[in-house]
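Here TrEMBL flags 197-206, 236-247 as compositional bias 'Low complexity'. Summarising the annotation, TrEMBL assigns compositional bias 'Pro residues' to 250-264. Taken from TrEMBL, the feature compositional bias 'Basic and acidic residues' covers 327-342. Annotation source TrEMBL lists domain 'FHA' at 26-83. Taken from TrEMBL, the feature domain 'G-patch' covers 267-316. Summarising the annotation, TrEMBL assigns region 'Disordered' to 155-266, 314-342.
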């Protein structure tokens, strides 16, 4: 028994027929055969085919091949070779033949004859039964492949595809392996990256890397805190060593700050113009009337405080800031708080 493919929407065109020679039973379905099963199965991967759609078997009592629908939803169709539609090109339900059973109902066995057409889903098989057991020109496999009847593991497929062809004049076909292609791509990219890194002008001995920012900080540093980890230039280092070794017994005191003498505002000054618009005249006082004694004619003098640090300096050094009388203001505040509690 050989089932030649007339038309199919799922099987490859290179597959010509399903050879059931030597088997007493064959299955047709959407799913693959269970692991370890010795019964061949023609797998049609489409939704119109049930998981276990139909069964073709050898009836030893009647000495004939038969087909049984296993209760599929979309049915199994058989068109006999003796039918009037055998050589017609009609389209429609009559072209597929007779349905063996209603939906989801198993059918009775139906005998198969030579050149019958068996339709399941989008695939139509042509039945070839030869009494002499020899294939004809239509069912013989010359250059096309056979429909696989058993699930082949992926590892076995790769091993079979890697076997070279021994026929003379025929070159073995190179199979595409995605994993090998990805690994070779990674190696080529890494090799290219190593080459570009090694050929960089910064890594060659003739042109060593120069830290320009560190050199700039060393040449134009204002303080040691602004250039951490950078050694000072030799001149500055020698000068600092000399200053630490020689101590001046009479250091020159710093000059006291002197403010600039007060000068009247020019007529182009914006403040002078605003005062003139408000009625002020040069030489007159600012503020209230001169009779009350609060009018100001001379500018305010800036009083410079000596021997005093800013706010918070005493707290940083771990000392308290005493007031003019020598009493710490913190102690005064504590005493006042205790008196309030009493």
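Cβ coordinates come from backbone N, Cα and C, glycine included.
In TrEMBL, annotation is done automatically, which means it is predicted and not curated.
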- Message: Going by DSSP assignments with H, G and I as helix and E and B as strand, what are the residue counts for the domain 'FHA' (26-83)?
- Response: 0 helix, 23 strand, 35 coil
- Message: Quick check on the compositional bias 'Basic and acidic residues' (327-342): DSSP residue counts for helix, strand, coil, in that order please.
- Response: 13 helix, 1 strand, 2 coil
- Note on the structure: On average, residues of the domain 'FHA' (26-83) score a pLDDT of 92
